[in-house]
Amino acid sequence: MVRIHVAGLLFLAGITAAAVSTDNSCGGSKGFTCPGSLCCSQYNWCGVSDAHCGAGCQSKFGRCTTTSGKISPDGSCGGTNAYTCTGSAFGNCCSRYGFCGNTDEHCLNACQSGFGDCSSISVGGKSVSQDGTCGGTAGFTCQGSTYGNCCSQWGYCGSSGDHCGTGCQATFGTCPAPSGGAATTTSAAKPTSTGVKTSPDSSCGGTNGYTCASGQCW
């Protein structure tokens, strides 16, 4: 009996020590577990679809229970339609009033665990992204996420120049200024004059070297 107990503790310790995925991959040689309540598919990717949570799902690296209802298409959950909020564009928690969201009102007070997640992780009033997406309808923030603190113009968390540079959404994460100091302003980045004259008579190029007026091509 003692040996079984010790073996069980070692097994649980091994699961606890597994690192949380930062790129949505799971299991395999790296042994990452999926963040939040995502499922690890037989192909070693995190997600919430039946392909992730159903046949072949790896319970050692994430959740493996499919939801009885479909993912909410309109922000409602539970009730007659039995929609689930997990994986929806509106947020993963189903409130007691039957609406998806990510605020404490959705995720804590009488949250319906049968139709979504019921845990709130927030920074500055916004829920921290659990799947690598940010901004948009759900309004997830990247700050404090496992994917990186910058929210790209395309709505994904990360820490590369593509995430933290042009188009970075400061409302949903951090957007560090360029290494030269303060962020470059539009007026400083755009030259006031190109040295080329705008055509006064619709001609262009040639000996005069005129450029076409805005919206005109010849």
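Cβ from N, Cα, C; glycine included.
Note that the structure is a prediction, hence the values are computed from the model and not measured.
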Open item on the list: Say which of Cys34, Cys64, Cys77 is recorded by TrEMBL as the disulfide partner for Cys46.
Closed with: Cys34
- [ ] State the Cα to Cα distance, in Å, between Cys93 (disulfide bond) and Cys46 (disulfide bond), rounded to an integer.
- [x] 19
Open item on the list: Please report the distance from the Cα of Cys39 (disulfide bond) to the Cα of Cys46 (disulfide bond), rounded to the nearest angstrom.
Closed with: 5
TODO: Determine which residues of the chain contact the domain 'Chitin-binding type-1' (23-66) at the Cβ level, with the cut-off under 8 Å and only residues 6 or more beyond its ends counted.
DONE: 15, 86-87, 92, 117, 130-132, 146-147
TODO: Return the member of Cys46, Cys107, Cys150, Cys164 nearest to Cys53 (disulfide bond) in space, with distance defined Cα to Cα and candidates limited to these disulfide-bonded residues.
DONE: Cys46
Open item on the list: Helix, strand or coil by DSSP: which one applies to Cys46 (disulfide bond)?
Closed with: strand
TODO: Based on DSSP, name the secondary structure state of Cys53 (disulfide bond): helix, strand or coil.
DONE: helix
